[in-house]
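What Swiss-Prot says about this one:
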DOMAIN    8-227  domain 'Radical SAM core'
BINDING   ARG17, ARG71, THR102, LYS163, ARG266, ALA267, ARG268  GTP binding site
BINDING   CYS24, CYS28, CYS31  [4Fe-4S] cluster 1 binding site
BINDING   TYR30, GLY75, SER126, MET197  S-adenosyl-L-methionine binding site
BINDING   CYS261, CYS264, CYS278  [4Fe-4S] cluster 2 binding site
Amino acid sequence: MVKQITDKLGRPIRDLRLSVTDRCNFRCDYCMPKEIFGDDFVFLPKDELLSFSEMERIARVYTHLGVKKIRITGGEPLMRRDLYKLIAALNEIEGVEDIGLTTNGLLLKKHGQKLYDAGLRRINVSLDAIDNELFQSINNRNIKADTILEQIDYAVSIGFKVKINVVVQKGVNDDQIIPMVQYFKDKNIQVRFIEFMDVGNDNGWDFSKVVSKDEMLSMIQEEFDIEAVEPKYYGEVAKYYRHKDNGAQFGLITSVSQSFCSTCTRARLSSDGKFYGCLFSTVDGFNVKEFMRSGVSDDELQAKFEELWNIRDDRYSDERTEQTVAIRKRKKINMNYIGG
């Protein structure tokens, strides 16, 4: 039986994001800049990560509190060995209606078929440019955009539903908006443009680098005949638009200019097993891993999850506009731990 719970702001819980690793094979400046995450950087040892059985248990308990959707994140989740085994286990949980994965796409040909066979059907690929030279400068690993586009084509060919996520930075890749809208329109793949977010302590965020949703929409409307699409469900973060000629859609995510805190239904477990109520958390999360490993029962674990949600009052994006300077000085949790 599902127990309906809400947080301090009346928001239900519907989504669980599981970060399965803090490692990544890219070094994008806004997430894991190479100057900080160099060759000598020490990542979490294996025993500090949640095991697949622990993640399965967490997900199963969360379904009793209303979780229906699970997204696997990182770091780069495809760097976690045997990830397909976790997907298979999550697919067996009663109450889980949807499982998704966010990836940079580099390893899709290597692992995609096993993931599909395990029951994964939806993938979001982070791709910030389709210009090869620009994309190489963004990922700092000399990976061409063409390489990722080939991986995307492969994923689509074996049956995955794919969406593309683009973090837009003014003066960096905002000139990619129109080419990417056109490219993925022709492919009939949804591309979503995300306002550059203030996540973590190392990404050099500055408001002047933000290209707002209204700016992006204006650019796109000058080139394409589009119409707005009604939201599909409560808490949907992207505002979607449809091309009138072929029906292909794209989305704009207003993570900075128009907060969606009031409808956020996500709980997050970091790669080291801590609970966070917000991607922009500024305090260390409750250590679920240690709590579980102390020998608690499922009932005790559920009670703790309920307690953590009941006291949740995170609304960082709302607060940013109210007291930007004070909030920018707070220490935040880096995205490779908490998951995008």
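Glycine is treated like the rest: Cβ placed from N, Cα and C.
Restricting the average to the domain 'Radical SAM core' (8-227) gives a pLDDT of 96. ARG268 (GTP binding site) and TYR30 (S-adenosyl-L-methionine binding site) have their C-alpha atoms 20 Å apart, to the nearest angstrom. Around CYS278 ([4Fe-4S] cluster 2 binding site), a 10 Å sphere centred on its CB holds 21 further CB atoms from the protein chains shown. Within the same chain, residues at least 6 positions away in sequence whose Cβ sits under 8 Å from that of CYS264 ([4Fe-4S] cluster 2 binding site) are ARG11, GLY235, CYS278, ASP314. When Cβ atoms from all protein chains are considered, those within 10 Å of SER126 (S-adenosyl-L-methionine binding site) total 20, not counting its own. Take the CB of LYS163 (GTP binding site) and look out to 10 A: across all protein chains shown you find 19 other CB atoms. The Cβ neighbour count for ARG17 (GTP binding site), using a 10 Å radius over every protein chain in view, is 21.
Taking TYR30, CYS31, SER126, MET197, CYS261 as the binding-site residues under consideration, the smallest Cα distance to ARG71 (GTP binding site) is found for SER126. Look at CYS261 ([4Fe-4S] cluster 2 binding site): DSSP puts it in a helix. According to DSSP, GLY75 (S-adenosyl-L-methionine binding site) is assigned to coil rather than to any helix or strand. Neighbours of ARG71 (GTP binding site), defined as other CB atoms within 10 A of its CB across all chains, total 21. Note: the Cα of CYS261 ([4Fe-4S] cluster 2 binding site) and the Cα of CYS31 ([4Fe-4S] cluster 1 binding site) are spaced 22 Å from each other. Distance between Cα atoms for TYR30 (S-adenosyl-L-methionine binding site) and ARG17 (GTP binding site): 20 Å, as a whole number. Cα-Cα distances to CYS24 ([4Fe-4S] cluster 1 binding site) place GLY75 within 10 Å, out of the binding-site residues ARG17, GLY75, THR102, SER126, ARG266.
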